[in-house]
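What TrEMBL records for this protein:
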type	residues	note
DOMAIN	A:8-449	domain 'Cytochrome oxidase subunit I profile'
TRANSMEM	A:12-35	transmembrane segment
TRANSMEM	A:55-74	transmembrane segment
TRANSMEM	A:86-108	transmembrane segment
TRANSMEM	A:120-142	transmembrane segment
TRANSMEM	A:149-169	transmembrane segment
TRANSMEM	A:181-206	transmembrane segment
TRANSMEM	A:218-241	transmembrane segment
TRANSMEM	A:247-274	transmembrane segment
TRANSMEM	A:286-307	transmembrane segment
TRANSMEM	A:327-347	transmembrane segment
TRANSMEM	A:359-385	transmembrane segment
TRANSMEM	A:405-427	transmembrane segment
Amino acid sequence: MKYQSQKVALYYFLAAMALFGIQVLGGLLAGWIYVSPNFLAEILPFNVIRMIHTNALIVWLLLGFFGAAYFLIPEESEREIWSTKLAYIQLVILLVGTLGAVGSYLAGIHGGREFLEQPLWVKFGILVAALIFLLNVSMTVLAGKKTAITNVLLMGLWLLSLLWIFAFINPDNLSLDKMYWWFVVHLWVEATWELVMAAILAFLLLKLTGVDREIVEKWLYVIVATALFSGILGTGHHFYWIGLPGYWQWVGSIFSTFEVVPFFLMMSFAFVMVWKGRKNHPNKAALLWSLGSSTVAFFGAGVWGFLHTLHGVNFYSHGTQITAAHGHLAFYGAYVALNLAVFSYAMPMLRERAPYNQVLNMASFWLMTGGMAFMTFVLTFAGTIQTHMQRVIGDYYMNVQESLSVFFLMRFGAGTAVVIGALLFIYSMLVVRKTEVIPPGSANPVPGE
Amino acid sequence: MAEILTKSRARNIFYGGSIFFVVIFVGMTVHSHRYVVQTSTAGMALSEDVVHGKHVWEKHSCINCHSLHGEGAYFAPELGNVMTRWGVQDSPEDAFEFLKGWIESQPSGVEGRRQMPRYDLAEEDIRGLAEFLRWADQTDTQGWPPNDAG
Ligand code: HEM
Ligand SMILES: [Fe+2]
């Protein structure tokens, strides 16, 4: 840790990991209700559990991004954060808002737009926190050295905050409501968050592989260009069946197909940098998570996204377990694993120690990734059968679901592995103090030229 | 390739291209907005009942179990065409009676079956919901869902 103010990242990461725990436990509970539907039915209905599961995910990912920004911006800009005090105030606002939201949900107070169920005051809190954050990091970057990494990172963070405005816009007309809702949801995960992801990945690869900055930054611009060129009009893949004009079927199909490109490039980027890299960084766990993240993102977002993005396919698969399969693997690969890569990289420095606990950390990677992959497969099988029975043959929804029960049981098993992996990860970050560094192998003797 | 695509060129393509696509997207959004209001949802008035029904729908977060036009949770049946499925799309009175009967019979308590919670709704809330679901059902959704099963 070169700059004192990087320390604020520690508290963001701790808060993020706490919510990560809540998120996966909520998911496990929801998965159990699929297996045993009467469980808790009278006390804590499925919809409340699901909103805790999804909201906790989104908030902890954002906390991780904020923390990552506070960690990497000082190193990139070569100066301290403009105001650490503001950074802590921002964190407190976010935590109060989160606890407030969870408390309201449990008390039965919530809005009714998926993922945006937060009470209005919490939404405002998030807006205020975002503004404080933007002010803080922008002042830091403006006063310091400007790099492509901070450029792209800041652009992503500014734009995603700007899009939050649409969380406040809820027209009475349901079709308009849905159209603007996607401005937050799709333009977050398939546009602005990709900028954040690519910037953070570039930073990690720069540090872990020691490849020349010029090369890293050129890749970065190419990746984010393909992300926005495809992702903006790719929003159309959500506009097929909600009352919007028919031309979205072609615009959405064509442009969202190209959304595979940035994910493919990010995966290639990671592997090429490692291959070219002359440095042999001792933090192997961070490298594993970085490579794993870009690879699983390619499969979850790229391959599983493409699977159902063409309107001819989506007509049948829309809103089935196929969607659930994709949503899970895409979020895990792109954003969960990337955050865990940052934590694995930064936590040892923030806690001023060698990157130990590598074996536990790496075991948690395989447990979580294996669990998520298995979950995705069983949900994809379930979704395929559901699509055929319900959408092609026309069987009633509830009967179809009943015939899928074996898949839901396997999904619960997969979820259990993920939860164990997640808890193991948190444990390896926080508790174990035994030194356990994976010795670096020999550096690549013939750098791939 | 290295010489043709320099870092600053890549950056300029990124900025220029992004602005280009944002402009197109905004234009298409404006057109789509007008299309929704004037064409695809114009078959039924956006009455006070419909708007009230939407608020009831949101207050209880029905979307986190059900899907509506295929979006939402996948835990409970699609409701964008439920009025058609029940055969009451063309009769506000029947729609109201059916929905009231349904809501008041929940939870079913059947062992091993997914449960819908009990909602104590006022008459006007149920009427609003019925109208809201009829309104959603009449939206031109390009032929989706493929059949009445939703
Ligand atoms: C990391 C990036 C991505 C994440 C986190 C993500 C996540 C999600 C989630 C959570 C949903 C469900 C939304 C809902 O509640 O209705 C969804 C839907 C969808 N995604 Fe993605 N996605 C990503 C990238 C992609 C890409 C690259 C494609 C296309 C190539 C894609 C295609 C789709 C489609 C077509 C749907 C709608 C499915 C339906 O009709 O039910 N996604 N995505
Ligand atoms: Fe999307």
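In case you wondered, yes, glycine gets a Cβ from its N, Cα and C as well.
Across A:12-35, A:181-206, A:405-427, the stretch most heavily in contact with the transmembrane segment (A:327-347), judged by Cβ pairs under 8 Å, is A:181-206. When Cβ distances are compared across the two stretches, the transmembrane segment (A:247-274) makes no contact with the transmembrane segment (A:12-35), since fewer than 3 pairs at least 6 residues apart fall below 8 angstroms.
Per-residue pLDDT, averaged over the domain 'Cytochrome oxidase subunit I profile' (A:8-449), rounds to 95. If one looks beyond the transmembrane segment (A:359-385) by at least 6 residues along the same chain, the residues whose Cβ comes under 8 Å of a Cβ in the stretch are 284-285, 288-289, 292, 296, 300, 304, 317, 320-326, 328-329, 332-333, 337, 340, 344, 400, 403-404, 407-408, 410-411, 413-418, 420-422, 424-425, 427-429, 432, 436, 438. Contact between the transmembrane segment (A:55-74) and the transmembrane segment (A:120-142) is supported: at least 3 Cβ pairs lie under 8 Å, counting only residues 6 or more apart in sequence. Same-chain neighbours of the transmembrane segment (A:86-108): 5, 8, 11-12, 15, 19, 22, 44, 48, 51-52, 55-56, 59, 62-63, 66, 70, 117-119, 121-122, 125-126, 128-129, 132-133, 135-136, counting only residues six or more beyond its ends whose CB sits under 8 Å from a CB of the stretch.
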